[in-house]
Structure formats: C-alpha cells, structure tokens
Amino acid sequence: MCDEDVAALVVDNGSGMCKAGFAGDDAPRAVFPSIVGRPRHQGVMVGMGQKDSYVGDEAQSKRGILTLKYPIEHGIVTNWDDMEKIWHHTFYNELRVAPEEHPVLLTEAPLNPKANREKMTQIMFETFNTPAMYVAIQAVLSLYASGRTTGIVIDSGDGVTHTVPIYEGYALPHAIMRLDLAGRDLTDYLMKILTERGYSFTTTAEREIVRDIKEKLCYVALDFEQEMQTASTSSSLEKSYELPDGQVITIGNERFRCPEAMYQPSFLGMESAGIHETTYNSIMKCDVDIRKDLYANTVLSGGSTMFPGIADRMQKEITALAPPTMKIKIIAPPERKYSVWIGGSILASLSTFQQMWISKQEYDESGPSIVHRKCF
C-alpha cells in the first residue's frame with residue numbers, strides 16, 4: 001500500500017459533472033458530464049457496432065439519438081446501474097487505469113443516506129476490486145483545499161446547494177442546510193426568461209446553449225433593484241451572444257436576474273430562503289462559541305459560485321444579518337469549481353491519511369458497514 005508509484009485515484013461525482021484524476025495532481029485529469037445515454041431507436045445498420053449505452057461527452061455529442069439520464073440527482077446517487085457505468089467509464093476510458101491496482105477516494109454529498117455509502121463501498125470492492133477506498137464529504141474537502149479545517153462552506157453545484165459548518169475537520173450534521181436550487185435550476189430559469197424576450201429554447205440540446213450563455217454572461221448584482229433601474233434606462237448592461245447557427249441574440253437584465261434566484265428563490269416559485277439566509281441559519285444552529293470562526297471563514301465552492309460579483313453580494317447580505325461588530329470574510333478561491341476534487345487530491349496524498357483507507361481485508365471482515373466506522 002505504501003508504494004509511491006501507486007497513486008490514489010480521486011473521483012468527485014457531482015450531479016452535473018464528474019471530476020477524476022490522481023492524488024497529488026493540482027487539477028483533475030478528466031472532467032465530463034455525469035450522464036448515461038441509451039439509444040431511443042433500434043439500430044438498423046447491422047455490424048455498425050452500436051453500443052447499448054454511452055457515457056459523458058460521447059453521450060452529450062450523440063444526444064440527438066439518445067435518451068439522457070443523470071444517475072445523480074440533487075447530489076445523491078439514485079440509479080446504481082448507471083452510476084456503475086460512469087465509474088467504469090472513469091477508470092477505463094478517462095483515466096485508463098486498472099481500479100484493482102489503486103486506492104480510490106470517492107466524494108459524497110453532506111447527509112448522504114447510510115445505505116448509499118454502503119452501496120458505494122460495496123461496488124468499489126466487489127465490482128471494481130479496489131485494494132482500498134475511502135468516502136469523504138464534499139464540503140469538507142473544499143475547506144481543506146482552502147487551507148482551513150474550520151469554517152462554513154457554501155457548496156453549490158449543478159444539482160444541489162449545501163451550507164456546511166465544519167469545526168476542526170468535522171462537518172456538524174445538525175447545522176447542515178440543503179437547498180434544492182442550483183445550476184440546473186438557474187439554467188432552466190434563464191431558458192424561461194429568454195423565452196419572454198422572444199427567443200425559444202426548449203430541447204435538451206438548446207439547454208446546453210443556455211448553460212453556456214449563463215456561464216459566459218451572467219453575474220450577481222450587488223444591489224438588484226438598482227441594477228434593474230440601470231438596465232431599464234440604459235443599454236450599458238446589454239451583451240450579445242452568437243448562437244451555433246450564427247444568429248446573434250442580445251441579453252440585458254437577464255444577465256443578473258438569472259443568478260438573483262439564488263438570493264430570491266421566489267423567482268423560481270420556491271418558498272425556501274436564499275443562500276445568504278441559509279448560510280446564516282446554519283451558523284445560528286452552531287454552538288455560540290464557534291460562530292465567530294465560521295463568519296470569518298466562509299468559503300465558496302462549486303460551479304454555481306463562479307458568477308462574478310457573488311462574493312461581494314454574499315459579504316453584503318451576511319453583514320446585514322450578522323451581529324454589527326462581527327468580522328465577516330468570504331473566501332472565493334479562483335479554482336473553486338474544482339475545489340472538492342483538489343481537497344480530495346490533497347487528503348489522499350497526505351502521509352497521515354494512509355492509515356485511514358478502508359482496505360479490502362477490512363471490508364472482507366466487516367462488510368459494507370465498515371464505511372461508517374472509518375469515514376466520518
């Protein structure tokens with residue numbers, strides 16, 4: 001196990017994207033969509049070698065003839081057969097490694113059901129025959145990646161947003177808040193408000209175009225009302241975007257109305273609190289003695305925190321909720337899109353971590369429930 005040339009594999013399975021690579025690297029080698037596609041129609045050409053399923057980018061590029069499924073919904077695995085296909089694709093096609101030769105570090109959503117952790121463990125040892133594995137909570141890894149062990153992580157990806165207070169490396173489960181509002185919802189909302197402007201985006205293929213518009217042009221306003229005023233009186237906030245067919249569309253207040261839904265979920269017809277309130281509520285559920293450390297170490301993580309302006313807005317909103325003299329610091333690392341993976345890479349390469357792995361032998365002796373004793 002202590003062999004230097006046997007690098008651990010780090011796999012961060014998100015609702016939208018899977019990030020995978022080798023421990024010790026500073027970025028994931030493979031980043032691909034967490035999708036499995038199956039042909040909608042029977043193949044008519046004999047001997048074309050049509051496959052019964054496609055994964056990731058290949059599924060994405062053939063989406064016109066496939067039915068696409070996301071096996072991870074709101075951060076939690078709901079379809080294990082498809083999940084197995086994604087892992088198989090990760091090891092054999094993307095990383096080109098034999099999983100039976102490397103320890104594997106997987107990530108999980110906060111509050112992941114116990115049965116799910118056991119199932120992950122079982123698949124790794126029984127299907128892929130890994131020599132060792134470990135399951136780490138995503139938000140905790142993001143915090144490690146920022147060089148901290150105490151703080152509150154606002155982790156927002158494609159399928160779910162969590163606010164996770166962490167003290168000395170341990171997530172505090174009673175104070176974790178989950179918000180089913182993330183990147184996919186913002187893309188859908190942008191599709192809806194662009195339709196109001198007279199542009200029609202409806203298919204799954206067009207949704208990808210809108211996702212690109214969102215990633216390239218959207219930003220978070222510091223003062224929403226004031227920004228709306230500016231947008232209505234001048235064209236200074238308008239930007240144009242060229243569609244794949246050459247048509248150019250103009251987008252104005254949609255640029256900041258879309259991510260505003262994170263602060264005002266009522267825009268999406270949701271009754272929940274915005275991410276700033278969720279963060280505050282999480283902090284208030286923690287022991288009074290550690291709140292100061294959480295306010296001063298508020299870390300953003302995940303692709304849906306990549307909007308320009310989000311850190312300043314977060315600072316403003318939390319300052320308004322917190323006690324007046326409180327020092328509030330929002331940390332927004334530039335690589336936060338991949339900070340869960342980076343944290344995993346750091347953790348799996350620490351010498352002190354090597355005794356933490358669940359070995360095949362321990363699994364054979366105790367069964368899948370070993371994961372609750374060794375990973376927390």
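Using N, Cα and C of the backbone, Cβ positions are placed for all residues, glycine too.
Positions annotated as N-acetylcysteine by Swiss-Prot: Cys2. Residues or ranges marked as N-acetylaspartate by Swiss-Prot on the basis of similarity to another entry: Asp3. The annotation methionine (R)-sulfoxide is assigned in Swiss-Prot to Met45, Met48 on the grounds of similarity to another entry. The tele-methylhistidine annotation in Swiss-Prot covers His74. Under the heading N6-methyllysine, Swiss-Prot lists Lys85.
Cβ neighbours within 10 Å of Lys85 (N6-methyllysine), excluding its own Cβ and spanning all shown chains: 18. His74 (tele-methylhistidine) has a Cβ environment of 19 other Cβ atoms inside 10 Å.
For the pair formed by the residue listed as 'N6-methyllysine' and His74 (tele-methylhistidine), distance between Cα atoms is given as 19 Å, rounded to the nearest Å.
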